[in-house]
Amino acid sequence: MSEDMTYATLTFQDSVAAGNNQDRNNLRKRGYPAPSSIWRQAALGLLTLCVMLLIGLVTLGIMFLQMSSEINSDSDKLTQLQKIIHQQQDNISQQLSKYRNFPVEEEFLKSQISSLLKRQGQMAIKLCQELIIHTSDHKCNPCPKTWKWYQTSCYYFAVNEEKTWPNSRKNCMDKNSTLVKIDSLEEKDFLRSQPLPKFPFFWLGLSWDPSGRSWLWEDSSRPSPSLFSAYEYAQINESKGCAYFQNGNIYISRCSAEISWICEKTAALVKIEDLD
């Protein structure tokens, strides 16, 4: 009796296994690919797109190196680069549409694209800087005319005008900007390096706030102590009024004094199409 039951069980298991195999074969015949096949296709698509982006990045780097010595002959190369970037953007959209049903793969793809495009943007900024230095025949203008460009900001030096701190602040507001805020020692060095008059005095966006009894920039943030020398920091702690910039140093004066000023606003994004 037990032998009959064992034989029946084995026969049933074999028939179930055979049925499962038959079902899988039917699914394949109907056009449903195996999971491993789908993953291989997704991985291949990701790899292809990343390679294309890397090729564009390398092309951009080569163009930048060549521009240093051949700035006047780069308009055709920049046009070619613009076409490459547009093709990459089209490919990105097409690839993303294919992986909507694969969240993990889609997020990985987006992170890789974001990283590569960020590096392309950095190279585009360098190219724009070279264009501004070496030629006037270009469309790359992240700042208005008469403004200076540094990193992500534009600066306006009111050299031939003098106003009180409140009126200087208003003038900057009329230009959709603020009195300059110094965020780093590098920015401080940039301001000091500008070709300015022999005795330049420029208002900064730093003033004493009597209500909070502290020094504040126009965005209500407090200045970092690392921006000041020991002398500057001691002067600020002992004084009240408005801050001005002279020969690379920060001083304090009464806000009613009339001197020049510096406005600052965010620079426009550098676009590839602006480089031709």
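One-based numbering along the chain as shown.
Heads up, the Cβ atoms here are built off N, Cα and C, so glycines get one too.
Here is what Swiss-Prot says about this protein:
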| type | residues | note |
| --- | --- | --- |
| TOPO_DOM | 1-43 | topological domain 'Cytoplasmic' |
| MOD_RES | Tyr7 | phosphotyrosine |
| TRANSMEM | 44-64 | transmembrane segment |
| TOPO_DOM | 65-276 | topological domain 'Extracellular' |
| CARBOHYD | Asn91 | N-linked glycosylation site |
| DOMAIN | 150-264 | domain 'C-type lectin' |
| DISULFID | Cys172-Cys263 | disulfide bond |
| CARBOHYD | Asn176 | N-linked glycosylation site |
| CARBOHYD | Asn237 | N-linked glycosylation site |
| DISULFID | Cys242-Cys255 | disulfide bond |
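Features as recorded by Swiss-Prot, highlighted on the structure.
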residue: Asn91; record: N-linked glycosylation site; Cβ within 10 Å: 16
residue: Cys172; record: disulfide bond; Cβ within 10 Å: 23
residue: Asn176; record: N-linked glycosylation site; Cβ within 10 Å: 10
residue: Asn237; record: N-linked glycosylation site; Cβ within 10 Å: 10
residue: Cys242; record: disulfide bond; Cβ within 10 Å: 26
residue: Cys255; record: disulfide bond; Cβ within 10 Å: 19
residue: Cys263; record: disulfide bond; Cβ within 10 Å: 25
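In this structure the C-alpha atoms belonging to Asn91 (N-linked glycosylation site) and Asn176 (N-linked glycosylation site) are separated by 38 Å.
Of Cys172, Asn176, Cys255, all annotated as recorded positions, the residue with the shortest Cα distance to Asn237 (N-linked glycosylation site) is Cys255. Per DSSP, the domain 'C-type lectin' (150-264) is made up of 30 helix, 42 strand, 43 coil.
The separation of Cys242 (disulfide bond) from Asn176 (N-linked glycosylation site), Cα to Cα, is 21 Å. Here the CA atom of Cys242 (disulfide bond) lies 16 Å from the CA atom of Cys172 (disulfide bond). Looking just at the topological domain 'Extracellular' (65-276), the mean pLDDT is 81.
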